[in-house]
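J.: Residues annotated as GTP binding site in TrEMBL: 390-395, D504, 529-535, 560-564, 629-632, A697. The Mg(2+) binding site feature in TrEMBL is assigned to S394, T535. For 131-359, the entry in TrEMBL reads domain 'AB hydrolase-1'.
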Amino acid sequence: MLLQETGKPQQLPASHARLTFICPFPLPPPLNSNSLRSLPQNSNPNNKFPTMETARRLLRRLHNLFCLIAAPLLSFLPLPPRRLPSLVAVREAVLCLAFLRRGLVPRTVAVGPTSASLHFWIPAAHRPGRPSLVLVHGFGGNAKWQWERQIGPLSRSFDLYIPDLVFFGRSRSDGEDRSVGFQARCVVEGMRRLGVEQYAVVGISYGGFVAFRMAVMAAEAVDRVVILTAGICSAEKRRELVRNEGRDVSEILLPQRAEDLVTLLRRSMYRPPRWIPAFLLRDFIEVMYKDRRKERVELLKELLQKGVDMEPLPVLKQETLILWGDQDKVFPLSLAYQLQSMGSFCSRQKPYNEADAEENEQAEEIERRIARETKAEQHIHKLLLLGAGESGKSTIFKQIKLLFQTGFDEAELRSYTSVIHANVYQTIKILFDGAKELTQNESDSSKYVVSCENKDVGEKLSDIGSRLDYPYLTKEIANEIKTLWNDAAIQEAYSRGNILQVPDCAQYFMENLERLSETDYVPTKEDVLYARVRTTGVVEIQFSPVGESRKSGEVYRLYDVGGQRNERRKWIHLFEGVRAVIFCAAISEYDQMLFEDETKNRMMETKELFDWVLKQACFEKTSFMLFLNKFDIFEQKVQKVPLNVCEWFKDYQPMASGKQEVEHAYEFVKKKFEELYFQSTKPERVDRVFKIYRTTALDQKLVKKTFKLVDETLRRRNLIEAGLL
């Protein structure tokens, strides 16, 4: 068996780590046919189109120039997106011409008993002596978009047969079978009806699963196999990959929103474009993903549940080549080695030699490494960071990285520049739009009227804040934002931030506008802590509160998940095997409403969520650490806004003023959470650890001290369970 890891000398470059998505932008160099070293290669001295090469290069350069200059300008046109020509549809037509120019013609073949039809691109004429090669695409699009860059080099040496899998491109089926086996049967039957008796097959991503099944079911017809970054693995491993994703995989692989398509690009391309016009993203989704999306989602679910639907995986008898990207962000490189070590592939029978011995040694080393990692995992304690949206979980997560890991390097700091600039634009839009809303709804509306000289600026900034892509914060724009921020009406609106959903970072960023707009601006660690990014999915970090050495303290793996309601469905799969739950409650939000439901008080939502988490059966023996967070904001607010404005705290009676009142109010809130804990905990569970900590996520010293206390508590619990205390 051959296993190639890309990114190493004289092998496929890492930029080909993923080919599941190709967009109408400059792309990496094509996969050279010489890379498929297990397949016979021939030259083509009789190329029919030598004079077209120069024209092709010129067209590509003009296309790239358009993408760099014209496409960005189009995104600022006042025309609605539907009036713009579909550039993706135009690109689709250009790809058809490219396939025709390579001597390929379209052909639709009826396959199977379920009225299925498979659309192929096949050679216009069979060339004697040329082996046949089937190219099977992945989930990222149809055959044209997947293989456009490869047909040129490969058509010189092979007769190419390129199918659109069922429910992709022009391929159809009236049946209900969504399995990988069904796709493989359709391709095999299609090749039989096309009169091709012997062929090699190349499959990438989803196409790799199909190629595997084709090799099993049509062993006599398929003589060689190439698998490119296809995570063919056990059911348990597939479930682990889905859990690690932390969100519905179909949202990424079959995006419906521009931001999901951007996520797909970043995951599937080694060097994705830094910027793509929003209208072009929407155009691509409209053309490529709207048609037969339901059936494709069903295909994906079937794939995740059953894979190639063969357990255990059979051994392929064909000579097989695995190509993998060492920067693959969808299927990690370890899957390639596991695939090899499982013995699912073997080369044609050859005498045992030193190369075989070396390969066996490599497989044994992989098994030893997996065993060591499994053993090491047993000493890592799993912590779950839960809480409602805006509770400060992500800020605590960033503090952990700063305190107990290496922190943020310059590249990571720079990556927050766009986030911080977006926070600035979003904040000023919320305040300006909020002032207009208060002018219409409040009795004393005059104080919310923005001055005449600032209205135009406000409208301009509000428009910028509505975009998907925010411009870089320049000195000129920063001065306009500062002027608007200092407007009396905007300050009045800011004082009503509890009803306008003004983020906590507003004042900090407004006071630092001059620094944030510098041309060589690099965010500071404090800037990063204030930066607000809504958490989606699941992120994790491994750390030790005492030190990096395991001998000096326990090692923890902390999971942070989105707190908004639509993110909580992703929590469930993380609940097993948790050593402790750290629940964040923003005690300063007792007078605020939810971002996702403006009729629901945030503190009441936190109460209900904490109650629900406490009652989960899987947390029967799990320790609970309650972080009463945002105390710095709480101590300022509670002296101005009575605590009893919240339904849960309606029985609160103020008793003092100043610091005494702050402490009195805090102790009242703390007691409320304690009462809720004991009310929601069954009598047989009351012996589990429950601790409450006063926290301010932005206070690094306090967070460090808190986590050392958490560490001591959990270590003591470990000793008690071991019978040593």
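Including glycine, each Cβ sits where the backbone N, Cα and C put it.
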J.: Measure the Cβ-based neighbour count of R534 (GTP binding site), defined as the other Cβ atoms within 10 Å of its Cβ.
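T.: If we count other Cβ atoms within 10 Å of R534 (GTP binding site), we arrive at 12.
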J.: Within the domain 'AB hydrolase-1' (131-359) only, compute the mean pLDDT.
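T.: Mean per-residue confidence for the domain 'AB hydrolase-1' (131-359): 79 out of 100.
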J.: Report, as a single number, how many Cβ atoms besides its own are within 10 Å of the Cβ of E390 (GTP binding site).
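T.: Summing over all protein chains shown, E390 (GTP binding site) has 22 other Cβ atoms within 10 Å.
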J.: What is the Cβ neighbour count of S394 (Mg(2+) binding site) at a 10 Å cut-off, with all protein chains included?
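T.: Around the Cβ of S394 (Mg(2+) binding site), 24 other Cβ atoms lie within 10 Å.
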J.: Whole-number Å distance between the CA of S394 (Mg(2+) binding site) and the CA of D504 (GTP binding site)?
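T.: Rounded to the nearest whole number, the Cα-Cα distance is 13 Å.
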J.: For V561 (GTP binding site), just count the other CB atoms lying within 10 A of its CB, please.
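T.: There are 23 of them.
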J.: Any same-chain residues 6+ apart from A531 (GTP binding site) with CB under 8 Å of its CB? Would you list them in sequence order, or say none?
T.: Y416, V419, I420, N423, C505, P523
J.: Using a 10 Å cut-off, grab the number of neighbouring Cβ atoms around the Cβ of F631 (GTP binding site), all chains included.
T.: 22
